[in-house]
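A short worksheet on the structure shown next.
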Ligand code: ATP
């Protein structure tokens, strides 16, 4: 790949280094301004300087990826056997082995390619965006399209998308460990630093790839792509996701152990055949090799990878984007889902409903974000309406959101709660532009989940001095206030009891409550930091409605039926959270624990508390981490949602960290296993459903592959031990393997979920893949298969057919039994004799068609006869073979029915059935 630097010119080098120059000077140098570039100019620069991306890692060449499929001890063993067979003149055996091995490698290669495609499609769905100012408009653009001169708007949790010079910073700290190795976040400001400062000391700069740990910033992009600092050190973007999952590793280990045992057994068998049964050693070798191929499930890892990849695709179609493949397995074992409230369980479409001040309560009409509606007070109480307007004014000034209208639809750009406050201010008669002209914002303390309020500082252009506007969690606000606004607007001592009962009343109704306060300064304060906010006048509270999502109510019911507990962990008020939890039917008996209570319990006590409570209110990100740990120590498999930068530790700790795609920060996304494209709780439920289906399918693939391989091996071993004529030749065993693994086995990867999959309890995460029931199944089916093989073989011989015809009948018998067994496996515990069961799926029908065609060719084509020593099978014998396969399926269905009656599937009994018994 050509170096990008040789393709695109570099932006002009600054006279003074960017970090030492004045912010204004940097803007001039880059021919930009505080309103951002015009769109056409941004496009021109993109063409000139190239995309803001680091060179992709060099892909592994196709031929090498293909050859890797041969780098496996079993395959190498087979290839050496083929060479030996060839040297000894057994060309048919040699070529059949080579074909089997090659087909296996091709299938593995294609499947791996598909799985990788599925994952890279997900990566592009998660392509990061950056917020920029272009022509004065705040817009989100693809990080790749950033150009020098773009104005970036950054906040806590964002990954810096390009090297940039700060223009404005508020409480800004950046984690630059990937560049400098310094793990403590560095404080940043817009002030220039010495030209000699090293990378770590350039506090006026933000570097691509680093993380904003806290605060807000505006910065101008100075370098993009390979010219950034991270580009210089040659770091590569887009780490390639490994396709290895714990389950695949487990299967890989099992496969290697199994291969070893199979080879040892084959060696013993070889010695036995030559010394005791007087086989020519070449024949004995070929049989033993065929056996080894027959018994080792060499195609299994590839089929499982594709099963996982299909799961990933199905989840993505339902808005759950898996970032790490193992999550697909773990999702199916999830026992507790800890979810945020706002936006995940609720719609996050906020509307102001009530405003309470000391002068009385005012209700607000009108839905959505349209600024049309009215404020009404009982008996048109003028002082209550005036107080509500004062609160609306604070809400408008202390606000970072924007409302936009297109086609009569009003939308929020920013926090929906702040959007609701803008709409409320509009209803109260305020015009944002006029108000901000009178009271321009000079500074702010951004909202943070840790301090739960936001404050802005405004210059009062009309009356002089300054005005501080603050909004936040009401308890927090009361703690910052010394006085309150009385009914006529003047200051009076704070009436805590009055406010507490007003807050409780609104919250009990499910309203989200926010407190509002202000303070006047005769002079513009010199500094305005978090600790400077205090001594405020409490104005009142506002209640917002944010109804639960309909689909979340259904999904919660679904999860509960599936034996999964749902817990709400929210920063909101306890009473609001409890009211919403009740509307969602989170539990029969809703128990609420607050963050304050959590602060006073030990980790041991927390375990009991975490198990019994279903709502955790007024929590901080640290509480989330403790709750996950407590649940995990009680053997729970925990899925946890999060969006903020501070949620990263708990997302990492959870078995499945789930980040919000829309409102989640880049830090949260990077820490999680899964991202919800629509921020919706229902998508978690859908992902669990698909996760269970994937795990079921993997068990089905294993449950089908192992006994069919076992059946073949058992038949050959028995014949060898007993000294009978072999029911199949070595090339025939290889044929069965080749035809079946890549068709029928693969069809199971596409199985849709079984009905009732969400009505059984979660599987234990430590449960072995092969359960006692599956082990029994493997033995039973292996025995049935060898009985079938020998039965048909001796019947053929009894009818007077030659050995070749009888062997062809056995090969056909195997294929027929495997087809019928496939139908049985599709429903592991339920009956397969249903209309749905018999209809199959397109994948199943296609696979069967392929097998049938291959078998017809094998049985009736003369050149096949030459290669495999097969013979035509008469119609009557053929019919008996098909009917015997059917008889085997009936037998297995009866077995399932008996086991069901005996209660062997008790561990899997439907949760709802169990509930009914109680
Ligand atoms: P969840 O954790 O379920 O998303 P949440 O949105 O209430 O719930 P946080 O974002 O941690 O949780 O907010 C905690 C509290 O801080 C809110 O209940 C509210 O009182 C206050 N708050 C939230 N956003 C703002 C904001 N932009 N300005 C001021 N106060 C806010």
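Note that Cβ sites are derived from N, Cα and C of the backbone, with glycine treated the same way.
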Under TrEMBL, the annotation transmembrane segment belongs to which of these stretches: 32-50, 51-69, 70-88, 127-145?
70-88
If you count Cβ pairs under 8 Å, which stretch among 94-110, 701-726, 774-796, 808-828, 873-892 touches the transmembrane segment (287-310) the most?
701-726
Would you call the transmembrane segment (873-892) and the transmembrane segment (808-828) in contact, using three or more Cβ pairs under 8 Å, pairs 6 or more apart in sequence?
yes
Kindly say whether the transmembrane segment (94-110) and the transmembrane segment (257-275) touch, using the definition of 3 or more Cβ pairs under 8 Å where each pair is 6 or more positions apart.
no
Tertiary contacts of the transmembrane segment (70-88) (same chain, 6+ residues out, Cβ under 8 Å):
94-95, 97-98, 100-101, 104-105, 256, 259, 263, 282, 285-286, 289, 292-293, 296, 298
Which residues of the same chain, at least 6 past either end of the transmembrane segment (701-726), have a Cβ under 8 Å from a Cβ in it?
251, 269, 272-273, 277, 287, 290-291, 294-297, 299-300, 303-304, 307, 733, 736-737, 740-741, 744-745, 748-749, 769-770, 774, 777-786, 788-790, 803, 807, 810, 814, 817-818, 821-822, 825, 828
What does DSSP give as the helix, strand and coil breakdown of the domain 'Cation-transporting P-type ATPase N-terminal' (17-90)?
40 helix, 1 strand, 33 coil
